[in-house]
Amino acid sequence: MNSTPPGFRLLRPPTVIGQFHTLFFGSVRMFFLGVLGFAVYGNEALHFSCDPDRRELNLFCYNQFRPITPQVFWALQLVSVLVPGAWFHLYAACKNIEQEEILERPIYTVFYIISVLLRIILEIIAFWLQSHLFGFQVHPVYVCDASSLEKAFNVTKCMVPEHFEKTIFLSAMYTFTVITILLCIAEIFEILCRRLGYLSNQ
């Protein structure tokens, strides 16, 4: 006899697009952020240098240049986007919902669509925040206002290391966000079409 409670079985997404989204989200996006993100941004603070090259000035201007590090921001984005799906799967586990029941019972269908809509909203918010925090291009020179640190510094120029690689990586993260939004929208359409097909067969 299986000792695992039946309500805690792994529940796959009820749609083909949803399963592809889980694969895309769980493998490609996390691998890209975890491996390549560390390679591109891992030592950015150490190589960020200003004129004059003084430690306190470099740290001050880097904190101004990066209010939040990109790795932390994208990690928070991934976690927040996972929350709606995790919430639904927890609900399904507690209610012992089968995969087929999600499309057969209207209440479960509505709950699942709400979780997908929440993912879309969170991705759009993350896209907007990313555009305001990091822009769409990393320039090789950052102009830092260091007057609050020491009046002698006033405005100083800082060199941003590997700016071209960071621009490519930034564009890739925007692309991942857009792809995820499109997949979620497509999943909602698939749910509605399959739901209508199920009703027409009744």
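Cβ atoms here come from the backbone N, Cα and C positions, even for glycine.
Source: prediction; values computed, not measured.
Annotation source TrEMBL lists domain 'Connexin cysteine-rich' at 122-191. Per TrEMBL, the feature transmembrane segment maps to 20-41, 72-94, 106-129, 168-189.
For the transmembrane segment (20-41), the residues of the chain that approach it from at least six positions outside its boundaries are 12-13, 69-71, 74-75, 78, 81-82, 162, 165-166, 169, 172-173, 176, 179-180, 183-184, 187, judged by C-beta separation under 8 angstroms. The domain 'Connexin cysteine-rich' (122-191): residue composition by secondary structure is 42 helix, 10 strand, 18 coil, according to DSSP. Along the domain 'Connexin cysteine-rich' (122-191), the predicted structure has mean pLDDT 88.
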